[in-house]
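Read through the structure below, which is laid out as structure tokens, and then see the notes.
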Amino acid sequence: MAKIIVVTSGKGGVGKTTTSASFSAGLANRGFKTVVIDFDVGLRNLDLIMGCENRIVYDFVDVITGNAKLTQALVKDKQLENLYILPASQTRDKDALTDEGVAAVMKELNELGFDYIVCDSPAGIERGAQLAMYHADEALIVTNPEISSVRDSDRVIGLLQSRTKKAEEGSSVREHLIVTRYNPERAAQGEMMDLDTIANEILRVPLIGVIPESNAVLEASNHGQPVIHYPESAAGQCYDDIVARFLGEERPLRHLDVKKKGFFQRLFGG
Ligand SMILES: Nc1ncnc2c1ncn2[C@@H]1O[C@H](COP(=O)(O)OP(=O)(O)O)[C@@H](O)[C@H]1O
Ligand SMILES: [Mg+2]
């Protein structure tokens, strides 16, 4: 059976698509047949981050409306043999995705032998986000260390526990927390929420990883590459750690220490 993972957050712009791209590339790189689905109808960010935007002919809505077969719409990743992208539609009709249509696509992906189906959720807690999470076995809840993001993630957790297939069946979606755009210096100065407060006091979801704020993320996406393909970058390493932990490996958190300022930086306040 394919395992379905939703990448969700509530708030927009926190790093869901960045996470979906790197997480699915990490799974595929370890030999798992993986598909990542862009549920963000009308926006289409995932294909840009994965560098496959020019290869798109059909999309998720084409499959649901019967305009194309699923196998016609899947775009093969440029680098990884085992990775496929199901792109979002550019349509403005946010209701183009139907419950039955999404269920049929999940079933067919399972029949095609995928090990993992990663669902990149749109922002918000409305229909689009609920469709993305409905079939999930596990959830990566992406949060930034700020109160508005944490509050929205708390709402999403409520939905995961009530509006999913697992919840209907009386079981539960396994939740994992990812804190992204984390800046240890600012956290130490009290300008950002600290990890313990977010994970253990407010959300009470096990932390699977922390991604530092990093220029490499933007640089990678400008090159149409998930940042996990930049193993020299802290963000790339931390995404690799998340994939490893997801697959059961134990790895300590890293890149969380406050960098000591050099003499000149202290002198000139840099
Ligand atoms: N760890 C990070 N460090 C710096 N910028 C990041 C990081 N993660 C994401 N970003 C940037 O934040 C913006 C939103 O990211 P994205 O993944 O599209 O969020 P979402 O899918 O939640 O809307 C993008 O410009 C992205 O490059
Ligand atoms: Mg997104």
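Even glycines carry a Cβ here, placed using N, Cα and C.
On a predicted model such as this, the values are computed, not experimentally measured, just so you know.
Gly12 (ATP binding site) falls within neither a helix nor a strand when secondary structure is assigned with DSSP, and so counts as coil. Taken from TrEMBL, the feature ATP binding site applies to Lys11, Gly12, Gly13, Val14, Gly15, Lys16, Thr17, Thr18.
Annotation source TrEMBL lists domain 'CobQ/CobB/MinD/ParA nucleotide binding' at 5-227. Mean predicted confidence for the domain 'CobQ/CobB/MinD/ParA nucleotide binding' (5-227): the pLDDT average there is 96.
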Cβ neighbour count within 10 Å of Lys16 (ATP binding site): 31
Going along the chain, which residues six or more apart from Gly15 (ATP binding site) have their CB under 8 A from its CB? Ser9, Val142, Asn144, Ile178, Thr180, Arg181, Ile211, Val217
Residues with Cβ closer than 8 Å to the Cβ of Gly12 (ATP binding site), same chain and 6+ apart in sequence? Pro122, Ala123, Gly124
Determine which residues of the same chain, besides Lys11, Gly12, Gly13, Val14, Gly15, Lys16, Thr17, Thr18, have their CB within 8 A of the center of the CB atoms at the recorded ATP site, and list them by sequence. Ser9, Thr19, Ala123, Val142, Thr180
Can you list which of these binding-site residues (Lys11, Gly15, Thr18) have a Cβ closer than 6 Å to ligand 1? Gly15, Thr18
